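**Q** Sharing a structure, written as structure tokens. Questions coming.
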Amino acid sequence: MKAENEQRTGLLYGFGAYGMWGLVPLFWPLLKPSGAVEILAHRMVWSLAVVGLALLALRRWGWIRELLRNPRKLGLTALAASVISVNWGLYIWSVNNEHVVEASLGYFINPLVSIAIGVLVLGERLRRAQWVAVGLSFVAVLVLAIGYGRPPWISLVLAFSFATYGLIKKKLNMGGLESLAAETAVLFLPALGYVLWLGAQGQSTFAAHGVGHALLLAATGLVTAIPLVFFGMAAIRVPLSTLGLLQYMAPVFQFGLGVLYFHEAMPPERWAGFSLVWAALVILTWDALRTARRSRARLEAAAPTVLATPAREPA
């Protein structure tokens, strides 16, 4: 009963995390007339403030000494910070420049790009269904490129930057709050310097558009940290396969907002490209669930054998 309650709580946290990530396109336009770079700089500054307070409340500081003593981890943290800043900055720009649908595509194809990176960088071997999914996504990009009259570069940069970020995070092996604190700390001084420089040049929007605008810019820290905390609470309570399915909530919400709320154009060739991506994701999800089910069945079949084997006395 307790396990069921924990899993139910984890699902609620998961829905909360991916729901907030899916609805975040509604937030960034509220920060206009701030530009994408100014918003990104404030996001870095205020995220560190929020996460720093959270870590202070939780008394989780031991990791800092270990990180500072490990040059390799420091380098990977700096690299992760650079990659995620590209991802965040481009996403903010795309939402505020009427490219919400194309941005959502980036997060739809992100699992497929992660698989491709696994093959190219880590030498992983794909199952047949995974090859089919990757092939379909490649055809989808070609169809969308024809439809847009250009490669869907926003989608590709978002997908590859986030997949690269995931690869670096895998090597870092740090908790969500800790890694966010470390990454924003790396970029804190440049971000703060840029905010102060804008103020000195008379180009800052922070104090020029009233208290409400200043509070919204400061809220970028909460918008960044709260979904991450919810995701962390979900990750320890629900199976990874469930999280894998929940991750599609965010781009589904973003796509829906782009079409229904922001009224972005969806000509037939764009529908065709997205349909190919969705077909690839259905195949990928089916294959992942089938593989997980088979692995679980093998473990259950092996368990009685292990239990039935008599223990040998030490020689």
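Cβ coordinates come from backbone N, Cα and C, glycine included.
Here Swiss-Prot flags 11-31, 37-57, 75-95, 103-123, 129-149, 180-200, 216-236, 242-262, 271-291 as transmembrane segment, drawing on sequence analysis. Residues annotated as domain 'EamA' in Swiss-Prot: 19-146.
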**Q** Would the transmembrane segment (37-57) and the transmembrane segment (180-200) count as touching if the test is at least 3 Cβ pairs under 8 Å, pairs 6 or more apart?
**A** yes
**Q** Determine which residues of the chain contact the transmembrane segment (75-95) at the Cβ level, with the cut-off under 8 Å and only residues 6 or more beyond its ends counted.
**A** 25, 28-29, 36-37, 39-40, 43-44, 67, 102-103, 106, 154, 157-158, 161-162, 164-165, 168-169, 171-172, 179, 182-184, 186-187
**Q** Sort the residues of the domain 'EamA' (19-146) into helix, strand and coil with DSSP and give the three counts.
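**A** Once the DSSP states are binned, the domain 'EamA' (19-146) shows 109 helix, 0 strand, 19 coil.
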**Q** Should the transmembrane segment (271-291) and the transmembrane segment (216-236) be scored as in contact, given a threshold of at least 3 Cβ pairs under 8 Å and pairs 6 or more apart?
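**A** The transmembrane segment (216-236) and the transmembrane segment (271-291): touching, no.
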**Q** Please work out whether the transmembrane segment (11-31) lies in contact with the transmembrane segment (216-236), by counting C-beta pairs under 8 angstroms that are 6 or more apart in sequence and asking whether there are at least 3.
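**A** Counting Cβ pairs under 8 Å (6 or more apart in sequence), the transmembrane segment (11-31) reaches the transmembrane segment (216-236), since there are 3 or more.
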**Q** Please tell me whether the transmembrane segment (103-123) and the transmembrane segment (216-236) touch - that is, whether there are at least 3 C-beta pairs under 8 Å between them, with each pair 6 or more apart in sequence.
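**A** Answer no, regions not in contact.
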